[in-house]
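Colleague: Okay, here's the structure, questions in a sec.
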Amino acid sequence: MQILLANPRGFCAGVDRAISIVERALEIYGAPIYVRHEVVHNRYVVDSLRERGAVFIEEITEVPDGSILIFSAHGVSQAVRAEAKARDLTMLFDATCPLVTKVHMEVARASRRGTEAILIGHAGHPEVEGTMGQYSNPKGGMYLVESPDDVWKLQVKDESNLCFMTQTTLSVDDTSDVIDALRKRFPSIIGPRKDDICYATTNRQEAVRNLAGDADVVLVVGSKNSSNSNRLAELAQRVGKPAYLIDSAADIQEAWLKDAHNIGVTAGASAPDVLVQDVISRLKALGGVNVQEVSGREENIVFEVPKELRVDIKQVD
């Protein structure tokens, strides 16, 4: 049984930055450090940070006065940001992915101009809630669509003054279908200058598509609440291969591997490599004899942490 590893896989620059912000805050200021929402959607990462003193909350009211608060990588609405700034907090750090912030700026610009904005995204996802919450102009409008059907049912105030943007972790193929529907339904609609689906999402989906061609089964390391991890499993299934989303090696069922000669392995953008290595070890124990890295796009993007956290940890008492 051969093990095929997708490239790229695992952590993206935004996730790396968000985790580093929490880790450095803990090292510099000490526990507890409060984080609004899971900093990234991965159970292993969240549990590890919680053990070190991170406290994950959903409401700003849960944060005691004088505390340090961090916004998660998914971003927050203007209302949440204002609520946090009104509190008596020692420090407030923003771990929002810069590529999510880019979409926030697009929405805020539309709001200032009174242009109605349509967001393609999944209802209830924290990134979507934060992005929708950048729009405040009552003369315009902000709408959420998930499918072409939603587009055809949508009613807006002025079809000649519309723009759209997307959640950063969507399926490239599904989003293309929704954008096609938007352009047919609203011919004058204006899209972003550069695709809102982030480089990491696109690259990992492309890697899974390449991997699935040679794999009999695909294992995606990622948590159930991770949007980009779910999209990877769906993509492998769409090209006709059995695919399973797993939090860890312990989730692997031997029955999945029956009669399989090539096992494809990838990881969502919020899944650490240690989990992938555990999966490889588990597969070797089940008969895997060779590990092959499948070539893919190289990634060298790095996002810096806030300047207050750019200190030599060794110098911290």
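Heads up, the Cβ atoms here are built off N, Cα and C, so glycines get one too.
In case it's useful when we look at the structure, here is the feature table from Swiss-Prot:
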BINDING   C12, C97, C198  [4Fe-4S] cluster binding site
BINDING   H41, H74, H125, T168, S226, S227, N228, S270  (2E)-4-hydroxy-3-methylbut-2-enyl diphosphate binding site
BINDING   H41, H74, H125, S226, S227, N228, S270  isopentenyl diphosphate binding site
BINDING   H41, H74, H125, S226, S227, N228, S270  dimethylallyl diphosphate binding site
ACT_SITE  E127  active site, proton donor
Colleague: How big is the isopentenyl diphosphate site in terms of the longest C-alpha to C-alpha distance among H41, H74, H125, S226, S227, N228, S270, in angstrom?
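Modeller: So the maximum pairwise Cα distance among the isopentenyl diphosphate binders is 15 Å.
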Colleague: Residues other than H41, H74, H125, T168, S226, S227, N228, S270 within 8 Å, Cβ to Cβ centroid, of the (2E)-4-hydroxy-3-methylbut-2-enyl diphosphate site?
Modeller: V40, E127, T169, N225, S229, G268, A269
Colleague: Below 8 Å Cβ to Cβ and six or more residues apart, same chain only. Which residues does that give for H41 ((2E)-4-hydroxy-3-methylbut-2-enyl diphosphate binding site)?
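Modeller: Sequence-distant Cβ neighbours: S223, N225, S226, S227, S229, S270.
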Colleague: Name the one residue among C12, H74, C97, T168, C198 whose Cα is closest in three-dimensional space to that of E127 (active site, proton donor); these are the binding-site residues.
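Modeller: Of the binding-site residues C12, H74, C97, T168, C198, H74 has its Cα closest to that of E127 (active site, proton donor).
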Colleague: What's the number of neighbouring CB atoms sitting within 10 A of the CB on S226 ((2E)-4-hydroxy-3-methylbut-2-enyl diphosphate binding site)?
Modeller: 25
Colleague: For each of the binding-site residues (H74, H125), count the other CB atoms lying within 10 A of its CB, then report the residue with the highest count.
Modeller: H74
Colleague: Quick one: pull the CA-CA distance for C198 ([4Fe-4S] cluster binding site) versus H125 ((2E)-4-hydroxy-3-methylbut-2-enyl diphosphate binding site), whole Å only.
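Modeller: That separation, Cα to Cα, works out to 16 Å.
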Colleague: If you skip the near sequence neighbours and keep only those at least six away, which residues in the chain come within under 8 angstroms of C12 ([4Fe-4S] cluster binding site), Cβ to Cβ?
Modeller: C198, Y199, A200, A269, E299, I301
